[in-house]
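Some notes on the structure that comes next.
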Amino acid sequence: SCPTMGRAMGLAGLLLGLVVVPAVLVSTSLRHGARRAEAEPEPSGWELVADAVPEDSLWPLPQWVRTYPRQLQLAPSRFQLVHGAGSSAGPGCGLLQDAFRRYYEYMFGHSLRRTWGSRPLAARGEPELFELQVVIEAGDPGCDGHPHLSSSEAYHLTVTEPVAVLKAPEVWGALRGLETFSQLVHEDDYGSFLVNESEINDFPRFAHRGVLLDTSRHYLPLKSILTNLDAMAFNKFNVLHWHIVDDQSFPYQSIYFPELSDKGAYSSNLIYTPTDVRLVIEYARLRGIRVIPEFDTPGHTQSWGKGQKDLLTPCYSGGQPTGSFGPVNPVWNTTYDFMTKFFKEISSVFPDEFIHLGGDEVDFSCWKSNPEVKQFMKKQGFGIDYAKLESYYVQNILDIVSSYNKGQMVWQEVFDHKAQLKPDTVVQVWMANNYAHELSSVTGAGFTAVLSAPWYLDYISYGQDWKKYYTVEPLNFPGSEKQKKLLIGGEACLWGEFVDATNLTPRLWPRASAVGERLWSSSNVTNLQDAYKRLTKHRCRML
Amino acid sequence: AENEPSWETPCTELLVYVSTPGCDGFPSLDSKESYKLSVSKGSMLLSAETIWGALRGLETFSQLVGRDENGTYYINETEIVDFPRFPHRGLLLDTSRHYLPLRAILETLDVMAYNKFNVFHWHIVDDPSFPYESSTFPELSRKGAFNAVTHVYTASDVRTVIEHARLRGIRVIAEFDTPGHTLSWGPGAPGLLTPCYMGKVPSGVYGPINPIVNSTYQFVTRLFQEVSTVFPDFFLHLGGDEVDFTCWQSNPEIRAFMKERGFGEDYKKLESFYIQRLLDIVSSLGKGYIVWQEVFDNDVKLRPDTIIHVWKDNNLEYLKEMANVTRSGYQALLSAPWYLNRISYGQDWIEAYKVEPLHFEGVPEQKALVMGGEACMWGEYVDVTNLTPRLW
């Protein structure tokens, strides 16, 4: 059970203090329902609080942590998060101001002692910690900008009396450091807030640490998405891969092509208006999270055809159109006219430098049945190799998107089918079968890669499956040092076939936390017992 | 227009007619839940033998009411005759592996009623925690709950659950599982559990309830006296599953007892010794009992009206077990294929739906002994944050 009051995700269970039980009992682990052969050794249900060590609840584990036995007290009514002297950011930095308020709430929110009392701390003898000073070191802190792939998320945290100092080159590192600081602050049995003297030096192992949400298979209300962004921030994730449309529905309300969602969304209220989209982007930005939208083509586009006539390929049977449609039609000029205009809008609506263009699972059968397409194949000299047609299409889209100065992310098929990619195109490896080999191929060809294959979190299973996500080592593939550098990170994917607002949060978390640590922490942080200890505390805190 | 439905005079009332009085009682295994629903021009009638049938009929009626695009509520002319195929349709919740706040239990009862479930099997205590506040033995929850103040069910909470259930025609069958699954009982009841030994010395670790000391049976008698009064249903679930013999085997006093009784090395006999005495105690308190299948498998002497709860599912072994249990003349409950805590990807509801409870080898008289079944939501990985979407 969760001993301390959680943070943001709204759960009532409060506790006054742990009941320390003389714990000489061992749970025999014969859980009813588990076959004997499966019984896993579980830690005892009663933990001795006195043994708890301050690093016991840091998640993800920072690169370098030193904690000391000496503790400092914090008084909610007096403690402040402030801009330190010499910081290039000040009260005008909205992003940090917002973070200060947010982290104050997380640390002291449920405490009644926020506004009462100016009495000096009598209960304990420890010295008081009065403030955490945040110092941004770079000339341009980046307060009003958006995070990039190359942003610095490093920070240095010193907790000592009378003030703690959080130094970071950019505001993004300060956000990460604030999260860590808030994880160090703990309550004792009497409700006093304490923090151990410590020094932390931290930075992420991988620069691209994402979560994919699918809002086409099931619409996700804004609240779901925002709650998820909060959870991502608790775990230092920095990319929201928004798989916003697909076959089943088109909830994105386009300014140039309003019919797309008018006809393609599940219903008129299950859409994301431009305001909704801006809200998501800003909410994410304030947490140092990039929003990379995915408009997956030419496959996965059934819903596009509802609001855009003559976009999808009409399928044929026996010389006649059947009435059903396949992927986007690659042979008509109007297709590219549409895509040019559409991606112009997307490029301006979404500020991130990257757009995900999809390109996965294109079913060639409809193309093969269409006489115009067949004729085009002949004219182009593609023979019967429809992968060439797919690549022809994809290359055109890549060009269009490039012209808007956006980088592109694609699913691995685009690379596998030998389309000509731009040098900075990022390839997302998702097929589970022999993904290490795929990583070698992609990086061997000089392309940047993002790993998702072992992290399809929609594939639920019984028991502590977080462990199998945690034990993945992304760089375990044959390749040179140079190649390994091209693997810039990974994404935990929660496809939406069986997910909606009623079950998203408990399904994604804390399982995704395992991926979060794998992508942030050092490669030698692999001990499952230690991870279990920290993860259970972290999970309770997230609630 | 031609295709418009013919709106008859708006229906203003559903008449509910119950032939057997009894609003203030509790539902039981024998309760009749049949009802007839008749919706026609000018009259809507729900008739049932008992109030429990009326509840089922109201649920069905509420499912028939539709709403069109204009917001108008409507109902089609309908004739329904309904009754349950099985009289025991249960759901198990485990409040020991993770505490479930009252609202989670009450919400579950609501959804059970939407689905015409009629038994709430409350697996209330187990190894990890003892949240049941006992008036006879307050130390049990004081020392055994995850938190003695916030993670307990007070007498008032228990009454609330029982009444909330009753109002929905749902029986509450409490399970106090012994002699295994009792680690959390130890701190509040010193001397109850068997001290395990490492060679000649106690190891400091404890095992199942100690079956050889009289204090055990005094304790059990007093506890079940209380439980029998608190829970009005005729049946109590007594557990009896997964008893690990290693601790008993390690204890010299128990080994001596085994010798004295001529049980040899067969610790199943010791388990039976305990269970038999427990069953006698509970019988004498005027309650019937349900036990997990091990109690039957280990040849314990049972009363003829014992209900055996079949749960082991290794390669469809439950089909054989259902046959054995019913062939021996006992009533059976099926849970084996319905362990909903064992989640998997995709539309796994289909597997649960395809189960045919009577699909085992046996004569009709045997089949008639199958009272029904229970979907189980064990709590190792379940708490209030994920219970509802995992169960429904």
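The backbone N, Cα and C atoms fix where each Cβ goes, glycine too.
Since this is a predicted model, take the numbers as computed values, not measurements.
Features of the protein shown, as given by TrEMBL:
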- B:Glu242: active site, proton donor (ACT_SITE)
- B:28-64: domain 'Beta-hexosaminidase eukaryotic type N-terminal' (DOMAIN)
- B:86-392: domain 'Glycoside hydrolase family 20 catalytic' (DOMAIN)
Non-local residues, at least 6 beyond the ends, that sit with Cβ under 8 Å of the domain 'Beta-hexosaminidase eukaryotic type N-terminal' (B:28-64): 8-9, 11, 13-20, 22, 75-84, 87-88, 113-114, 116, 118, 168-169, 171, 233-235, 371
Residue distribution over DSSP helix, strand and coil in the domain 'Beta-hexosaminidase eukaryotic type N-terminal' (B:28-64): 14 helix, 12 strand, 11 coil
Local confidence of the prediction over the domain 'Glycoside hydrolase family 20 catalytic' (B:86-392), expressed as mean pLDDT: 97
Proximal but sequence-remote residues of the same chain as the residue listed as 'active site, proton donor' (Cβ under 8 Å, at least 6 apart): B:Gly180, B:His181, B:Glu294
